[in-house]
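Feature annotations, reproduced from TrEMBL:
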- 40-58: transmembrane segment (TRANSMEM)
- 86-129: domain 'Homeobox' (DOMAIN)
- 88-130: DNA-binding region (DNA_BIND)
- 132-333: domain 'TLC' (DOMAIN)
- 141-161: transmembrane segment (TRANSMEM)
- 207-226: transmembrane segment (TRANSMEM)
- 265-290: transmembrane segment (TRANSMEM)
- 302-324: transmembrane segment (TRANSMEM)
- 354-377: compositional bias 'Polar residues' (COMPBIAS)
Amino acid sequence: MTSSVSAWIWSESFWLPENVSWADLEHPPAGVEYPRLQHMLYHAFPLAVGVSLLRLLFERLVAKPCAHILQIQGGVPRRAEPNAVLERLYQSNTCPDARQLEGLSKQLDWEERKIQRWFRIRRNQDRPSVKKKFCESMWRFTFYLGVFIYAIRHLWVSPWMWDTRQCWYNYPFQPLSPGQYNYYVAELAFYWSLMVSQFTDIKRKDFMIMLVHHLATIFLITISYGNNMLRAGTLVMCVHDASDIFLEAAKLANYAKYQRLCDTMFVVFSIIFFFTRLVIFPFWVVYSVLVESWQIIGPYQAWWLINGLLLVLQALHIIWFYLIARIAVKAIFKGKVSKDDRSDVETSTDEDISSNGSKNSCQTSKLRDSSNTNVLNGETHDH
């Protein structure tokens, strides 16, 4: 039964062009090697564990000392007064509504404003320090920078970077180079480590979205390696890594309170994002996968799936750029990328608003969430 399920998942008629079988790829000419998915997975899973361990060492030995030099403190949040009744409710509902506040006020003989203050302090007590966010961003910045430099060095001397039609000549019988293999294994291991660490890292509001994003990324990397679409795959990954470097740099500057540098890095990130994901990606990479591959090898079943996913990704790029551009405009015309309006850290302003009878702090936070996107305080990733 297992073999029949595997045969159905890896159906030749679905994943490969007409008249090509997996057996054809298992017997390359002498001196040539074709991708074998099991080989990459055997290396990627142990490497993902190694990447996670390397991250722990990097944060302890590099990122934390850098944070200390930049005088970024871990910070000890103010702790809420111990109260069994409020703590029990907090475990199921961190933002009580007006009816619950009224009931708690009668039960505890506390003013509603005091109860709201307790919940605000308790929520902030669970939130991560700026130092922790700084260490996470510094790790991602270092990885994106390193893997992007490696990819550019490999692609610069590759003919398909300058003539994307080379991605499809003699496809799928294209030899696997060490540079392609190393790049793929590194990216796959990194995203496996990100998916796992997401459960232990800073809890973000877009947790489920990013979980789906990581799974989709792993799926695309895996299937593009499995059917030897490596040339186009390396271009896709390289284009996406380019802008992430500057996003993480902007976050680092933001945490270190270098506002001018933060503004500059964010504007640079916005420009790089535009050219890589709204110009190069659709008119160079997607065009090659969609049009040039049709002309050279013709469509097949997996061709429709891969192009559909790339077009969905392009639609997301447009949405993300709209949100990013709104913040970049503030940086250019107002001279500051303001503290993200979706920040987890609440201020006394929220409490003052609620004490005046308009909205409680939770409602205020939701209003901010609905109108702005979080980029620089580390609650969302861009990949």
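Yeah, the Cβs are placed from backbone N, Cα and C, and that goes for glycine too.
Because TrEMBL annotations are produced automatically, they should be read as predictions rather than curated entries.
Predicted, not measured: the structure shown is a model, and the values here were computed from it.
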Within this structure, do the transmembrane segment (207-226) and the transmembrane segment (265-290) have 3 or more Cβ pairs under 8 angstroms, counting pairs 6 or more apart in sequence?
no
Positions whose Cβ lies under 8 angstroms from the transmembrane segment (40-58), at least six residues beyond its ends:
138-139, 142, 181, 184-186, 188-190, 192-193, 196-197, 222, 225
Here the mean pLDDT of the domain 'TLC' (132-333) is 89
